[in-house]
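Structure first, commentary second.
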Amino acid sequence: LALNPWDVVLCISGTIISCENAIVVVVIFYTPAFRAPMFLLIGSLATADLLAGLGLILHFAFVYFIPSEAVSLLTVGLLVTSFTASVCSLLTITIDRYLSLYNALTYYSERTVTRTYIMLILTWGASICYGLLPVMGWNCLKEPSACSIVKPLTKNHLIILSVSFFTVFAAMLQLYVQICRIVCRHAHQIAVQRHFLASSHYVTTRKGIATLAVILGTFASCWLPFAVYGLLGDYSYPALYTYVTLLPATYNSMLNPVIYAFRNQEIQKVLWAVCCGCFSSALPFRSRSPSDV
């Protein structure tokens, strides 16, 4: 099989994604202080992106070195599971951030821990079910005309995935709008109570909204092209269009560790400690809200 440069780029992307997210998973897993709900959700996101990166590498290896329909179904199933879990994990993080602001007084309770585990179970349960569909027989290997832009996924399967993405995106957009309102209200109240200047309130509010805009804008710019093309595209279209829209989607898994993990001050402390060779699981941490992450 002739080597496709796009597959090489996807494989390289998968390698970078795997390395980045492996660091996050190891840090969270081996640091007892990172057992708070917000870190569990960040760990879930990193795990999903790590599996996505490994899936891209395995897909490249099996396509060019061990071509097999059965193996192709397994790798595609892994990619569907991991990318679905990644998108759903972003939604759970958004929900957690919103609740940490909306129910600030009761956030640090056993109820929050229980809710976090329920969200994780639902996220991975739904993702695994989506990923098992091609393996269980819902594929287009025997009926090429039913194929979507991503073989061997059927057109109907990809439509379901695209619609699910738009649903998640709409929910995140609504939640971030509510978060912006809460942040603006809190900033105004603090400014009034402490007699801050109006400019201070404006700067604080603008910074918070800018951060949320970067988070949501990155997610949308990475996944929207592929989701739209998944609805409108057809198996007869040139494969180039699929690669052009799929590659930015993989970049989302590459950027997630930067946005959600490496910006966190506690994770930064652990990483610096590891680099300096003075890692200790008993490093002191300041309790932070998910809205600070």
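From the backbone N, Cα and C atoms, a Cβ is placed for every residue, glycine too.
Automatic prediction, not curation, is the source of TrEMBL annotations.
The domain 'G-protein coupled receptors family 1 profile' annotation in TrEMBL covers 20-260. Here TrEMBL flags 6-31, 38-66, 72-95, 116-138, 158-177, 209-228, 240-262 as transmembrane segment.
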Practice item. Compute the average pLDDT of the predicted model within the domain 'G-protein coupled receptors family 1 profile' (20-260). Key: 86
Point to revise | Long-range environment of the transmembrane segment (116-138) - Cβ separation under 8 angstroms, sequence gap at least 6 | key: 37, 40-41, 44, 48, 73-74, 76-82, 84-85, 88-89, 91-92, 95-96, 152-154, 157, 160-161, 164
Exercise for review: Using a Cβ-Cβ cut-off of under 8 Å, list the residues of the same chain that are 6+ residues beyond the ends of the transmembrane segment (240-262) and lie near it.
Suggested key: 6, 9-10, 13-14, 16-17, 20-21, 23-24, 27, 42, 45-46, 48-49, 52-53, 56, 83, 86, 90, 93, 149-150, 214-215, 218-219, 221-223, 225-226, 228-229, 233, 268, 271, 293
